[in-house]
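S.K.: Before I ask anything, here is the structure I am working with.
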Ligand code: APR
């Protein structure tokens, strides 16, 4: 087995902040002025599905207008240079894919897909437009956004655990590590795999043993990638760290 070292990236809302997509916890439990429980829980959906659909329509338009930033692009470029890169993202946008990354696992679903309310495995790409009440899956049930809401299971968690278990280096970017089970992925890495957190709040957020790079993603990630491509290996460049 002589596979090249494996970089596993865990990304959160902060990696898309510089593309103009708002993070969650910056806004006091409000998400674009909506209480989270009204728009991101099964109870909210049961109470007012129209509100939920309108909310995700607006988010989807925002995602379609956004462009990948320097952090998304640097990770895609690293993969293109022959590095083994797997991305596990909590984000529902497609900015990693649009930057060119090919191995992207969406832990919390994808806003550019609809899914059946009867069978979570039935998904439909949303190439344009949104979801209306009355839009049905092939089984005749209402479609909903393919997004994991609070209180719902995370179907791809086991798969994500398996990816992390094969990491040589873990790069965590732009996540407050506040939401389970995503945050616990950090602890699934092999004991000898180092972990680094790139986040302007890294000093406050990083658990013990995680190296902190207190920078926005668009600055910190390209800087790391430059080091790795220059040397042709994954390593922890001490000079970048405080
Ligand atoms: N670069 C990097 N990180 C940034 C930047 C930036 N330019 N701007 C903000 N951040 C950081 C913040 O410091 C914060 O630590 O991004 C993080 C965003 O945290 P959250 O808003 O909590 O987002 P995230 O961790 O992705 O949330 C997890 O919660 O609401 C649910 O399902 C939703 O996937 C989401 C999950």
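In case you wondered, yes, glycine gets a Cβ from its N, Cα and C as well.
Small disclaimer: the values here were computed from a predicted structure and weren't measured.
What TrEMBL shows for this protein is this:
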type	residues	note
ACT_SITE	108	active site, proton acceptor
BINDING	12-31, 90-93, 174-176, 217	NAD(+) binding site
BINDING	56, 59	substrate binding site
DOMAIN	1-242	domain 'Deacetylase sirtuin-type'
S.K.: Please give me the binding-site residues out of 16, 24, 56, 59, 90, 174 that lie within 10 Å of the residue listed as 'active site, proton acceptor', comparing Cα atoms only.
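M.R.: So far as Cα distances go, the binding-site residues lying within 10 Å of the residue listed as 'active site, proton acceptor' are 90.
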S.K.: Filter the binding-site residues 16, 20, 56, 59, 90, 174 down to those with CB closer than 6 A to an atom of ligand 1; keep them in sequence order.
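M.R.: Checked binding-site residues vs ligand 1; flagged 90, 174.
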S.K.: Just to be sure I understand the packing, how many Cβ atoms besides its own are within 10 Å of the Cβ of residue 174 (NAD(+) binding site)?
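M.R.: So the number of other Cβ atoms within 10 Å of residue 174 (NAD(+) binding site) is 29.
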S.K.: How many whole Å apart are the CA atoms of residue 174 (NAD(+) binding site) and residue 56 (substrate binding site)?
M.R.: 22
S.K.: Distance check, please: Cα of residue 56 (substrate binding site) against Cα of residue 24 (NAD(+) binding site), rounded to an integer number of angstrom.
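M.R.: Answer for this pair: 14 Å between alpha carbons.
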S.K.: Which has the fewest other CB atoms in a 10 Å radius around its CB: 16, 90, the listed binding-site residues?
M.R.: 90
S.K.: Summarise the model's confidence over the domain 'Deacetylase sirtuin-type' (1-242) as a mean pLDDT value.
M.R.: 93
S.K.: What same-chain residues, at least 6 away in sequence, bring their CB to under 8 Å of the CB of residue 59 (substrate binding site)?
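M.R.: Counting only residues 6 or more apart in sequence, the Cβ neighbours of residue 59 (substrate binding site) under 8 Å are 32, 92, 111.
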S.K.: Rank the binding-site residues 12, 20 by the number of other Cβ atoms within 10 Å of each Cβ and report the first-ranked residue.
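M.R.: Result of the Cβ crowding comparison: 12.
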